[in-house]
Amino acid sequence: MATPHINAEMGDFADVVLMPGDPLRAKHIAETSLEDVREVNNVRGMLGFTGTYKGRKISVMGHGMGIPSCSIYTKELITDFGVKKIIRVGSCGAVRMDVKLSDVVIGMGACTDSKVNRIRFKDHDFAAIADFDMVRNAVDAAKALGVDARVGNLFSADLFYSPDGEMFDVMEKYGVLGVEMEAAGIYGVAAEFGAKALTICTVSDHIRTHEQTTAAERQTTFNDMIKIALESVLLGDQE
């Protein structure tokens, strides 16, 4: 049954959904990576599609920017449409000097300055982590594709334009690989409602050096990330 934010019916979505922030990226993924594609959501322009990858039913849908937006969509996908696994595919900014532009980062866990998981977890700290099997499958898929993926913590920020530059020093000290805006929220939603989740990011810019990838570089590494996500789903089916 349709929700206030998703005009689909039970069965329209696959049990696994890839989720970029940008709905137009969702459309691009559907058009370039899936077969037999059909649109399953267009409410508020948050496009969602279902198709097949090597015969396996997979969906892709945008989640918007920030934890509040992605939390709404992931919650409804899980509780109203039977989705079991969510893979966020997005971009992040690097803070460590050994993390380079275009690196693929697999988010094993996610720190955050958001309070949403504390609200969920009765004002206690919740360890926002990805599902282990999904992490392992993504790592194995990356190796098979010849992509040297990094595995570690992300930082999910509430502010894109943060005034606290000193926090980047703390992130670097604690080994945070990349800064983005959604992973911790998605991991919290998945835990609360009994689903599994993973975040895979490509490094689009470096916060320290102010370097940025070109449009062509972003597209190449974005395609690598999507391939890793899709192949990891197939590996998960073999478990």
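Each Cβ is built from the backbone N, Cα and C atoms, and glycine gets one as well.
Taken from Swiss-Prot, the feature active site, proton donor covers Asp205. The purine D-ribonucleoside binding site annotation in Swiss-Prot covers His5, Glu180, Met181, Glu182, Ser204, Asp205. The phosphate binding site annotation in Swiss-Prot covers Gly21, Arg25, Arg44, Arg88, Val89, Gly90, Ser91. Among the features that Swiss-Prot reports, site 'Important for catalytic activity' is placed at Arg218.
Spacing of Arg218 (site 'Important for catalytic activity') relative to Arg25 (phosphate binding site) is 12 Å (Cα to Cα, whole number). Of all the binding-site residues in the list Gly21, Arg44, Val89, Glu180, Glu182, the shortest Cα-Cα distance to Asp205 (active site, proton donor) is found for Glu180.
DSSP assigns Glu180 (purine D-ribonucleoside binding site) to a strand in the three-state reduction. Here the Cα atom of Arg88 (phosphate binding site) is found 11 Å from that of Met181 (purine D-ribonucleoside binding site). Rounded to a whole number, the C-alpha distance linking Val89 (phosphate binding site) with Glu182 (purine D-ribonucleoside binding site) is 10 angstrom. Arg44 (phosphate binding site) has His5 nearby among the binding-site residues His5, Glu180, Glu182, counting only those with a Cα within 10 angstroms of its own Cα.
Sequence-distant contacts of Met181 (purine D-ribonucleoside binding site), defined by Cβ-Cβ distance under 8 angstroms and a gap of at least six in the same chain, are Gly21, Met65, Gly66, Ile67, Ser156, Ala157, Asp158, Phe160.
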